[in-house]
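Features as listed in Swiss-Prot:
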DOMAIN    1-163  domain 'N-acetyltransferase'
BINDING   Val85, Tyr86, Val87, Gly93, Lys94, Gly95, Leu96, Gly97, Arg98, Asn124, Ser133  acetyl-CoA binding site
Amino acid sequence: MSIRFARKADCAAIAEIYNHAVLYTAAIWNDQTVDADNRIAWFEARTLAGYPVLVSEENGVVTGYASFGDWRSFDGFRHTVEHSVYVHPDHQGKGLGRKLLSRLIDEARDCGKHVMVAGIESQNQASLHLHQSLGFVVTAQMPQVGTKFGRWLDLTFMQLQLDERTEPDAIG
């Protein structure tokens, strides 16, 4: 298994992983699936913004993906990113999520980001545990802010401070 930067050719596999999460889990709070063109547009927007899209790969097959983007679009949030990590269901439980997220944290630090945010459906114990094990702390619980599969969903926000800067725009 290897982790590498995604290529446009990976977007069909990324769409497949995304769509499985849409159809069968509460990890993505969308009801509509996407096609490869949608993921290509997403990929191009991320890379144009200077943000990484990573994939895990085994024997030439994309088994997961991870990325981060702006947490909010206002200038004051420029040092904060929100991430996503998804693993193909056939490859879950093998530590790929941990490897992808660990690499993504390194990429965020390399980009000079200060905080990484995770928005996690509050019943997703595997994701909550993974994030906690990598140093994320719970910062907010938001009951019944979403809905999927005919039920209310609660949202847990977690965050990881990526550096020790005391001044927001200090270099080094």
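Glycine is no exception: its Cβ is also placed from the backbone N, Cα and C atoms.
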For Ser133 (acetyl-CoA binding site), the three-state class that DSSP assigns: helix
Taken over the domain 'N-acetyltransferase' (1-163), the model's mean pLDDT: 97
Set of same-chain residues at least 6 away whose C-beta sits under 8 angstroms from Ser133 (acetyl-CoA binding site): Arg98
In the chain carrying Val85 (acetyl-CoA binding site), residues 6 or more apart in sequence that have Cβ under 8 angstroms from it: Gly64, Tyr65, Ala66, Gly97, Leu100, Leu101, Leu104
Which same-chain residues, if any, lie at least 6 apart from Lys94 (acetyl-CoA binding site) yet have Cβ under 8 Å of it: Met1
Collapsed DSSP category at Val87 (acetyl-CoA binding site): strand
Arg98 (acetyl-CoA binding site): tally of other CB atoms within 10 A of its CB: 15
Cβ contacts of Leu96 (acetyl-CoA binding site) (under 8 Å, same chain, 6 or more positions away): Met1, Ser56, Thr63, Gly64, Val87
